[in-house]
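Report on the structure given below.
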Amino acid sequence: MMGSRAAEYEQPEAADEYDGGDGAHLQGPCGISALEQSGVNASDINKLKEAGFHTVDAIAMATKRQLIGIKGITEAKADKMLKASREMVNVGFTTAADVMQSRKDLITLTTGSSALDELLRGGFETGSITELFGEFRTGKTQLCHQLCVTCQLPVDKGGGEGKALFIDTEGTFRPQRLVAIAERYGLDGDSVLDNVAFARAYNSEHQMQLLSQASAMMAESRYALVVVDSATALFLRALTRMADEFGVAVVITNQV
């Protein structure tokens, strides 16, 4: 289905700590431990992590009610956390010029097909959600597998220099497809597989649990792509927040 762009590329190391990258296009969220610099103690930071908050961005986007709902977090502590996080992460007004610059810094992930990339104005945009919909057996899942490989390519080759996370609700994930696609790009199949985190979701509650785990993983390593095949409406709000928080490209599928 997709055209090949075979070449030798370096892949992201499977076990590397994510330091946010050197360029603007790879800057990631600020780890929640940074709040210690503002006087938030380590014990309270651990409580936040246990409650599913892993970045300063997540705290900045939270409500006071959410924070004081965590055992051991008082109203005074919540106020301190919100104040500190919102000083570190801009959640207020900015200029249109700054927004334009941030838009320029966004990267797009190639589909592997120059024709499809052209239709998508470069590929799948990071920091946003893209929905693939169509009838059964029209290539939605194949494209998702393709993206799991291309997201690992260097930015100047249409990739995101990051890992992929694949949540499967339909039982459609096939790792052997990734190996075949990797070979077309001259990539090592085992390394590609190591850079794709996979989970099978069995119900909507399990989906939300997996998203919480995914947030913890993305706070530690560089991820460029999240795939959900396929997503429920209940899931979309949490995915939107994840795209904002981690700057990943989120791709979901649905049948019509």
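Easy rule for this one: first residue shown is 1, then count along the chain.
In case you wondered, yes, glycine gets a Cβ from its N, Cα and C as well.
TrEMBL entries are annotated by machine, without manual review.
Model, not experiment: these values are computed from the prediction.
Looking at 1-23, 139-161, the range annotated in TrEMBL as region 'Disordered' turns out to be 1-23.
When pLDDT is averaged over the domain 'RecA family profile 1' (105-256), the result is 93.
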